[in-house]
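What TrEMBL annotates here:
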DOMAIN    5-80  domain 'TECR-like N-terminal'
DOMAIN    155-308  domain '3-oxo-5-alpha-steroid 4-dehydrogenase C-terminal'
TRANSMEM  85-107  transmembrane segment
TRANSMEM  166-184  transmembrane segment
TRANSMEM  196-215  transmembrane segment
TRANSMEM  235-250  transmembrane segment
TRANSMEM  256-276  transmembrane segment
């Protein structure tokens, strides 16, 4: 039967919140969210999680009512996701913080290292280079946020911004404190180690940017439909032959190179945490690709070619 009525219940109490009559069979979940929002203005669409089952996954905006496994009266469940914030705003806040926090340590602010004249500058050129690379990384991220990224979901819970900022801002302060410390010692193998790390850093940054552009091009027409990403003529995208999430591969490579460049333990620990987190994200996305696409390349791994 084609559904023309929609009943929305609270996912926890099972109490009826509203009954929508004469809903078009081809209505999307996005349109139902808007109808629900008119009845409950405080729950704007981005704040709503609409489900077929109280413990199931949220329905996507583009899903059509008549294609769902429902009868003449569709019973849907609503969950309040809480106050939301746009992903563009999230990234701008997350990435602007490390950029400026690092400078507090690089310029040897007196409240950080003291007033001793010896503490006002560093004799090691790698300290200046590290500041340039760190700044370049986050400026690149800010530019990508504004001009490149296209988000499948427009918002995230506002409460998460505090946790995310503590992570990015806190680590930026920790790294910067030791790299710019008056007692900092340069890499063991001198210029050879630094030059190798800089070349690796720039290649990984170029690769990461290339992957982000390739992923953005998949949604150039504004579509939110997931597609299989494939390599393009850009050699940096050829990593798609071997892994599902080469952007994470290049990102980890960037921080490995920064660790080699600075030879700093806190940077290494940050890199390890980045690798663990990005491996989790990559595995999740890889599983989603396998689930959604029967013809997905079977030889691809989530993040490390042939291994992981």
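Including glycine, each Cβ sits where the backbone N, Cα and C put it.
Touching of the transmembrane segment (256-276) and the transmembrane segment (166-184) is concluded from the presence of at least three CB pairs under 8 A, sequence neighbours closer than 6 excluded. For the transmembrane segment (235-250), the list of distant contacts is 204-208, 210-212, 214-215, 229, 278-279, 281-282, 285-286, 289, 297, 299-306: same-chain residues at least six beyond its ends, Cβ to Cβ under 8 Å. Using a Cβ-Cβ cut-off under 8 Å and counting only residues 6 or more beyond its ends in the same chain, the transmembrane segment (166-184) has close neighbours at 94-95, 97-98, 101-102, 104-106, 108, 112-113, 116, 118-119, 122, 124, 127, 130-131, 134, 262, 264-267, 270. Helix, strand and coil counts under DSSP for the domain 'TECR-like N-terminal' (5-80) come to 17 helix, 27 strand, 32 coil. With a cut-off of 8 Å between Cβ atoms, the residues of this chain six or more beyond the transmembrane segment (85-107) that come close are 127, 131, 134-135, 138-139, 141-142, 145-146, 149, 151, 153-158, 160-161, 164-165, 168-169, 171-173, 175-177, 179-180.
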